[in-house]
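First up is the structure itself, then whatever we jot down about it.
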Amino acid sequence: MVRTFPPEIALPTWVTPSLATRAGSVLPHRGGGPLSGAPRVAASPRYPPQVSFRPADRPRVHREVVSYVRRSARMNPSQERAWRGQSGRLLVDVPHGERSTSISPDATVDWATEFGRDAPLMVEIGSGRGEALAAVAEAHPDANVIGFEVFQPAVASTMSLLTREGITNARLVLADGVEGLRRLVAPGSLSQLAVFFPDPWHKARHHKRRLIDPTFAALAASRLALGAHWRLATDWEEYALAMREVLDAEPGLVNAEDGWAPRYVDRPLTKYEARGLAAGRTIYDLDYVRAPAEPLPDLVHRTPLPEPHGEPAW
Ligand SMILES: C[S@@+](CC[C@H](N)C(=O)[O-])C[C@H]1O[C@@H](n2cnc3c(N)ncnc32)[C@H](O)[C@@H]1O
């Protein structure tokens, strides 16, 4: 991805965006707003020197490692229409934290009020364009189904799909599903959790961004009711093996199968799966069940670390 510098910054003539990016230097402020004049250039014996920019009127935003890429949220006209027309009905608007995708620590949601009924809760994290969310909601009319997705155009497409299919038992949250589980879902309250084709972050230096890690596994286990299923799928073999290792090691979960699971019956073919198949990759399904274990703590996800630079290659 080419990053462009805000036009108001006077850059030293030798700094091109690609140079600054390759040098791994701190990139210019992405959110606009007045900056504190010229960029600071730290003395360095290496070429090019390190360049950093800081907006004058903005405190430093606390960054955590997250499992998604921040990308443009531009919507096409049909997504715009769906967003305008359906978000009042389908979007659960939560107060955000420092990032637009984070959730305020004091946010609460009364799911029974949101759905207009009390029913078993099913969650999908990273619901994308909503194909699986819609299929699960349709197959389980007696459940309240929630999709957490950080990419607004995908949420808008899901709204279109749910409306077209006449599905009334699904709602969407435009936010990080890790925070959603932690802050908005009560321990032991889920009857199903789904994570299908999470971003693979296949480069070793990006593995820390993978959604499925031991901390998240413990959080997820803590939110499932006893006997409830956590269903996962991926087309990335090495990630599939890593998932097995992480989930097998989580004391609150047991593998429902003796190894890989058969394809989950309510999981439709999505663009991501089709792409993996077209590239000759194998699809791995996993199915874990919440087992009786010691009560799990209310977990805080991940230790804050600096955000890595660079874009994923998938
Ligand atoms: C590779 S796509 C797969 C989408 C969908 N599950 C499918 O199978 O078609 C991964 C999706 O997860 C979303 N995502 C990644 N991390 C997330 C998080 N922590 N919370 C919510 N959504 C997330 C991304 O925005 C993206 O839409």
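Think of each number as a place in line: the chain as shown, counted from 1.
Any Cβ shown, glycine's included, is placed from N, Cα and C.
The secondary structure of ASP176 (S-adenosyl-L-methionine binding site), as reduced to three states from DSSP, is coil rather than helix or strand. According to TrEMBL, the feature S-adenosyl-L-methionine binding site maps to GLU124, GLU149, ASP176, ASP199.
A 10 Å cutoff on Cβ-Cβ distances gives THR270 (substrate binding site) a total of 18 other Cβ atoms nearby, all chains included. In the three-state DSSP scheme, THR270 (substrate binding site) falls into the coil class. Summarising the annotation, TrEMBL assigns substrate binding site to LYS203, ASP235, THR270, LYS271, TYR272, GLU273.
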Ligand 1: which of the binding-site residues GLU149, ASP176, LYS203, ASP235, THR270, TYR272 have a Cβ closer than 6 angstroms to it? GLU149, ASP176, THR270, TYR272
Taking only C-alpha atoms and a 10 A limit, tell me which of LYS203, ASP235, THR270, GLU273 are near GLU149 (S-adenosyl-L-methionine binding site). These are the binding-site residues. none
Between TYR272 (substrate binding site) and ASP176 (S-adenosyl-L-methionine binding site): CA-CA distance (Å): 20
Using the residues the record lists for substrate (LYS203, ASP235, THR270, LYS271, TYR272, GLU273), what whole-number Å value is the largest Cα to Cα distance? 23
Cβ atoms near GLU124 (S-adenosyl-L-methionine binding site) (within 10 Å, other residues, all chains): 25
Could you tell me which three-state DSSP class GLU124 (S-adenosyl-L-methionine binding site) falls into? strand
In three-state DSSP terms, ASP235 (substrate binding site) is classed as coil
